[in-house]
Amino acid sequence: MVLSEHLLVLLGAVLCAPALSDVLFRCPPCSPERLAACPGNSPRSPCAELVRAPGCGCCPVCARLEGESCGVYTARCAGGLRCYPHPGSELPLQALVLGLGTCGKRRDAEYGSSQERGTELPEDQSDNMLVDNNLVAGPAVPGDFMPRKSSKAHAVNRERANEQHRSKTNKSEDKKRPARSLCQLQLDQVLERISGMHLPDDRGPLEHLYALPIPNCDKNGFFNLKQCKMSVNGQRGECWCVNPITGKVLPGSPTVRGDPECHLFYTNPEEERRAHTQRAP
């Protein structure tokens, strides 16, 4: 999965807030029905520590230990650990999204005495569970924190300012840029909606964000064959198959909470993409 720079900026604002009080979104409480649907009371193998499932999952899973891989969609690192991208990673946020981080000991000096802030919320406080996943996108600079009241808006405004600066200094290059694809245009619209969200005190349940249809574009701007909603309330998001050019659902393909095996319903992707590229201005 390839994410645009714009989406990574917003993911950073949501997932990598510098302090617990700055997190924008909180998971809703787990209902008795959701908890009862968990497969057994605990994972089969003994765990050093149990944590809540990734995202807003309700079922207990084994925490990742020091040195194990981690990311946005993996189980959280155990207490006292953080999920760090590999040193020198060019796209640290994307590495975390792809699960290419590594659990390591917290560097408290980088976070302004995290013990004073409270490193983790107990797992039984599910009513107020934070979607933190112990992620760190890169080395933090003391005092270089986003404003508390609008981290999301700050990230969006910063990206807009960068776009304006690039457009002013590279007008000749802008004229040569190819037209944005349909997938990229839809992604821009979703980001605009996110930047305009008004939640009480800039907080709210994750459904406000997860309910948005965020398109999954590849590195060339086409739709990825498989599109999925994010997991929420302990359930995996639904996945379906689309045409990479138009984004429309492929006829006969299923919508499932798993792998819809899109390759069975789309057999000539390269030919169609080449034809579309030749027709594009």
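Including glycine, each Cβ sits where the backbone N, Cα and C put it.
What Swiss-Prot records for 1-21 is signal peptide.
Among the features that Swiss-Prot reports, domain 'IGFBP N-terminal' is placed at 23-106, with the record citing sequence analysis. Mean pLDDT for the domain 'IGFBP N-terminal' (23-106) in the predicted structure: 80.
The Cβ of Cys56 (disulfide bond) has 25 neighbouring Cβ atoms from other residues within 10 Å, across all protein chains displayed. Annotation source Swiss-Prot lists disulfide bond at Cys27-Cys56 (among others).
For Cys58 (disulfide bond), the Cβ neighbour count at a 10 Å cut-off comes to 22, with all displayed protein chains included. What Swiss-Prot lists as disulfide bond is Cys30-Cys58 (among others), and the listing cites sequence analysis.
DSSP assigns Cys59 (disulfide bond) to coil in the three-state reduction, placing it in neither a helix nor a strand. Residues or ranges marked as disulfide bond by Swiss-Prot on the basis of sequence analysis: Cys38-Cys59 (among others).
Counting every protein chain shown, the number of other Cβ atoms lying within 10 Å of the Cβ of Cys47 (disulfide bond) is 16. According to Swiss-Prot, the feature disulfide bond maps to Cys47-Cys62 (among others).
Secondary structure from DSSP puts Cys70 (disulfide bond) in a beta strand. Here Swiss-Prot flags Cys70-Cys83 (among others) as disulfide bond.
Under the heading disulfide bond, Swiss-Prot lists Cys77-Cys103 (among others).
If you look up Swiss-Prot, you'll see 107-127 (among others) marked as region 'Disordered'.
Annotation source Swiss-Prot lists region 'Disordered' at 139-180 (among others).
Positions annotated as compositional bias 'Basic and acidic residues' by Swiss-Prot: 156-176.
Feature annotation from Swiss-Prot assigns domain 'Thyroglobulin type-1' to 180-262.
Annotated disulfide bond per Swiss-Prot: Cys183-Cys217 (among others), in sequence order, evidence recorded as similarity to another entry. Here Cys183 (disulfide bond) comes close to Pro215, Cys217, Gly221, Phe222, Phe223, Gly247: these same-chain residues lie at least six apart in sequence, with C-beta atoms under 8 angstroms from its C-beta.
Here Swiss-Prot flags Cys228-Cys239 (among others) as disulfide bond. Listed in sequence order, the residues of the same chain lying 6 or more apart from Cys239 (disulfide bond) and placing their CB within less than 8 Å of its CB are Lys226, Gln227, Cys228, Lys229, Thr255, Val256, Arg257, Gly258, Asp259, Pro260.
The disulfide bond annotation in Swiss-Prot covers Cys241-Cys262 (among others). All protein chains shown were included, and the count of other CB atoms within 10 Å of the CB of Cys262 (disulfide bond) stands at 20.
Distance noted between the C-alpha atoms of Cys56 (disulfide bond) and Cys30 (disulfide bond) is 9 Å. Non-local neighbourhood of Cys241 (disulfide bond): Leu225, Lys226, Gln227, Val249, Leu250, Ser253, Pro254, Pro260, Cys262, Phe265, Tyr266, each in the same chain, at least six residues away, with C-beta under 8 Å from its C-beta. Looking only at the disulfide-bonded residues Cys83, Cys103, Cys228, the densest Cβ neighbourhood within 10 Å occurs at Cys83. Taking the C-alpha atom of Cys30 (disulfide bond) as reference, the shortest distance to any of the disulfide-bonded residues Cys47, Cys59, Cys70, Cys77, Cys83 belongs to Cys59. Cα of Cys38 (disulfide bond) to Cα of Cys103 (disulfide bond): a span of 26 Å. When Cα-Cα distances from Cys58 (disulfide bond) are compared across the disulfide-bonded residues Cys70, Cys77, Cys83, Cys103, the shortest belongs to Cys77.
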